[in-house]
2 protein chains.
Amino acid sequence: MRRKTYVDGPRSDIRVPFTEVVLTGDEPPVRLYDTSGPGSDPLVGLPPLRKPWWTGQTQLAAARAGIVTPEMEFVAVREGVTPELVRDEIASGRAVLPANRNHPESEPMIIGSRFLVKVNANIGTSAVTSSVAEEVEKLTWATRWGADTVMDLSTGPRIHETREAIVRNSPVPIGTVPIYQALEKVKGDPLELTWELFRETVIEQAEQGVDYMTIHAGVLLAHVPLAAERVTGIVSRGGSIMAAWCLAEHRENFLYTHFRELCEIFREYDITFSLGDGLRPGSIADANDEAQFAELRTLGELTHIAWEYDVQVMVEGPGHVPMHKIKENVDLQVDLCGGAPFYTLGPLATDIAPAYDHITSAIGAAMIGMFGTAMLCYVTPKEHLGLPNKEDVKAGMIAYKIAAHSADLAKGHAGAQEWDDALSRARFDFRWEDQFELALDPETARAYHDETLPAAPAKTAHFCSMCGPKFCSMRISHELRAAGMKSKSSEFVEAGGRVYLPVAPSA
Amino acid sequence: MRRKTYVDGPRSDIRVPFTEVVLTGDEPPVRLYDTSGPGSDPLVGLPPLRKPWWTGQTQLAAARAGIVTPEMEFVAVREGVTPELVRDEIASGRAVLPANRNHPESEPMIIGSRFLVKVNANIGTSAVTSSVAEEVEKLTWATRWGADTVMDLSTGPRIHETREAIVRNSPVPIGTVPIYQALEKVKGDPLELTWELFRETVIEQAEQGVDYMTIHAGVLLAHVPLAAERVTGIVSRGGSIMAAWCLAEHRENFLYTHFRELCEIFREYDITFSLGDGLRPGSIADANDEAQFAELRTLGELTHIAWEYDVQVMVEGPGHVPMHKIKENVDLQVDLCGGAPFYTLGPLATDIAPAYDHITSAIGAAMIGMFGTAMLCYVTPKEHLGLPNKEDVKAGMIAYKIAAHSADLAKGHAGAQEWDDALSRARFDFRWEDQFELALDPETARAYHDETLPAAPAKTAHFCSMCGPKFCSMRISHELRAAGMKSKSSEFVEAGGRVYLPVAPSA
């Protein structure tokens, strides 16, 4: 059985949610990280939990001043670490706690290589498809399946309205790419974009409570020709918009030239920068090329500027990268960006499987997570083909929770393996219901088991349909263990100290 | 469009099949490795292609004698390498070419770290479910999706009959685990197993044409107690059967003590050993433990014994292994087993996602493939829950073709990236039909695209539903490229050599 539980923090207004999996027999319950929020009525929105906590300081400013904020206390309980570690990591820039003062509905979370690897889910309307209600439903659905943050990438009409509904109903930080809305305002013509229009759009979104924004300030005029001969050119929408603007105007990217002004706005709301990788590779052929790394050097420069303003920063990464070129991405990003959290899209380990890019990219995501990437942007089966529906959002989330947890295990994250161990013990003990409840997706696990052995007694049977009743290796193992235990008994010693007892397991 | 094509070898009876993807415009066709076979009438079976080629020598004996067999010629064309490389790798034991003389219907293929990473699909009836006709259909289905070998793991009644139907209809090598049938013969009681009964079973299967057999000869009496305190004990069926026998009889595993007799039988048919990892870990907690590695040392010893008899060998590996412990498995196997091909089941990178273990294990499989594993045994979504149906077989195959190809890319396998590049060029050029045809699963890619943009004109549109017509980054990139090309023209020089032209891309 699963139930929601809360762990009290050091203050009465800090109650940290967990999913508690109650197991059978003597097994202790297992507590899982829970992103689903308290549930909301879409017409009302969520309660403004963090409203009383705003002091006018960004989390980074507070951390640098030695202050542990209520948000940091919350996160410490959530991650099972000390508040001091949380404060330290934020102060050094190695972690961010995205929390716009105008999004008090969010439950604090942290993104950094010392913490659990996080997953972002992209949703959003486009000119071609989707409604506001559908997007709010996708938001709720995504957080139910473990989305740690959600990006609203709406590009069609009703951008403002969609975002308002999403922010008011979101228990997780919301990210956006403001250039999309700015471009809508000029009817899609990049040449009409101006710094003033962009600034106004950022403030509009900041007021609504957007927690982090992707800013493609690293696409410099000098970088654009580096992408001209690529197999897939520029695949980032924001990147291509800024590249078009730079080339047409023959001027430097206004996001770069006005970056310090952006920092001032971001500081006012405690918005976190997500420095966009507008020149990320869009194919295996283009991975780790000069266009990509030239932009990364600029992102490193911008990271340090943002830190001057006490503004939190994470840095976006690729994209499409074959496995043997993944580690170089992380090493370079850590070096150039002073350890600011890396936030990558996949990467896809091959280009050959459209319709399965949640899998091609889960491979790359798990690896880049192991190497230190702090947050993974999910990829759904519809990537390259269309907009994700609810089932695609779920498929993307499941694949990415697998990648993130695999990375947590590989990094030796304290406590991560308890979940695996609890499930494996349930498997070994034939506690089928416990296995299902501990599974990332209990419903599907149960449904698959039912397909071949639907009767209720099979849920307590000491075998399954794979081997049938006679051949079960797990059952034989139990008998071996019983024999093994006996070998430690006095009988064993009296028998002359032989290591193996001639005990016949029943067949 | 996809069509089957054949490339002629140096002899008139060598015609190597490929899938040719015919592209639009000036793009050259792309040739893909093809495992689907010539197609057969289940009542008749396939033509006995290799029948005239048998000379009484194993492929290993021939290779060591400097002989390039027709099978090696076939494989060289199939892999795009020289026959001499094929012969060399077989002679050294670093590759195997499984080809029982009684399975002349198979199209030669090679398994070794210098060649394309291969994928095996497990099928088979159990006591609880499945029919013979269904299993033949699964075989055909698996090879259609790229299975390089198929293991028939039937455990219920009709084992002999199922296997006969499978071998006669299989264009790929067939593997089995003979201990399953031996145990059926003694009504499931491991204590009734004898060497004589096992030997008779092996010969029965050898006569039918099984190309490789899993032999759990590394589960020694002394190893069994090492598994007693594991979280999931012994999870290999064959391993648990032999462990039960050893403990009950308090004698050494008869597969180990009679191993040289097995080598003599295998040599007579040119059956390849697949040395079973009966003590592979069944959970993250048990990975890389002493039980596993003690068995691997024994498998190394047995590998060298088989080679004395000119018998080909591959070595099976785990299982469940967290990412950071994967490389050690390959390094140790290569060292202990003299470079004999490694053949692993996944490994699963986490235990928490039953119903999605094709994904948890594709992560581990891609990585272990990159490190040098020659063949990956697929895992389907039903792993740990039930027997795979046709859809599960397909899901497992797709996930594993992704893992294998990702590994080929990471190893820098000559020609592997051509497939990715062709697909990425099609993507950049908005050649939607070419993208679908080049996809690992064209039908699903097309269906997903149709979901949001079903009209035929959308198949030639220079945008998709993700960004809609106004924001397409690919289209903007084309305009940038056009601008870039212009910058190389004389106009550019006359304009004073500025790097960037003030050319306005249309919006």
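Here the Cβ of each residue, glycine as well, is placed from N, Cα and C on the backbone.
Taken verbatim from TrEMBL:
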DOMAIN    B:3-55  domain 'ThiC-associated'
BINDING   B:Asn122, B:Met151, B:Tyr180, B:His216, B:Ser236, B:Arg237, B:Gly238, B:Asp277, B:Gly278, B:Leu279, B:Arg280, B:Glu316, B:Tyr343  substrate binding site
BINDING   B:His320, B:His384  Zn(2+) binding site
BINDING   B:Cys464, B:Cys467, B:Cys472  [4Fe-4S] cluster binding site
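When the binding-site residues B:Tyr180, B:Tyr343 are compared by the number of other CB atoms within 10 angstroms of each CB, B:Tyr180 has the fewest. Taking the C-alpha positions, the distance from B:Ser236 (substrate binding site) to B:His320 (Zn(2+) binding site) comes to 12 Å.
Across the residues of the domain 'ThiC-associated' (B:3-55), the predicted structure has a mean pLDDT of 93.
A helical conformation is recorded for B:Gly238 (substrate binding site) in the three-state DSSP classification.
Taking the binding-site residues B:Arg280, B:His384 in turn, the residue surrounded by the fewest other Cβ atoms inside 10 Å of its Cβ turns out to be B:His384. Across B:Asn122, B:Met151, B:Tyr180, B:His216, B:Ser236, B:Arg237, B:Gly238, B:Asp277, B:Gly278, B:Leu279, B:Arg280, B:Glu316, B:Tyr343, which the record gives as binding substrate, the greatest C-alpha separation is 20 Å. Candidate binding-site residues B:Asn122, B:Gly278, B:Arg280, B:Tyr343 yield none lying near chain A, with Cβ-Cβ distance under 8 angstroms. One residue stands out among the binding-site residues B:Asn122, B:Gly278, B:His320 for having the most other Cβ atoms within 10 Å of its Cβ: B:Gly278. DSSP assigns B:Tyr343 (substrate binding site) to a strand in the three-state reduction. Cβ-based neighbour count (10 Å, all protein chains) for B:Ser236 (substrate binding site) stands at 26. In the three-state DSSP scheme, B:His320 (Zn(2+) binding site) falls into the strand class.
B:Tyr180 (substrate binding site) sits 19 Å from B:His384 (Zn(2+) binding site), counting Cα to Cα.
B:Gly238 (substrate binding site) has a Cβ environment of 24 other Cβ atoms inside 10 Å. Taking the Cα atom of each, B:Tyr343 (substrate binding site) and B:His320 (Zn(2+) binding site) are about 14 angstrom apart. Residue counts for the domain 'ThiC-associated' (B:3-55) under DSSP, split into helix (H, G, I), strand (E, B) and coil, are 3 helix, 19 strand, 31 coil.
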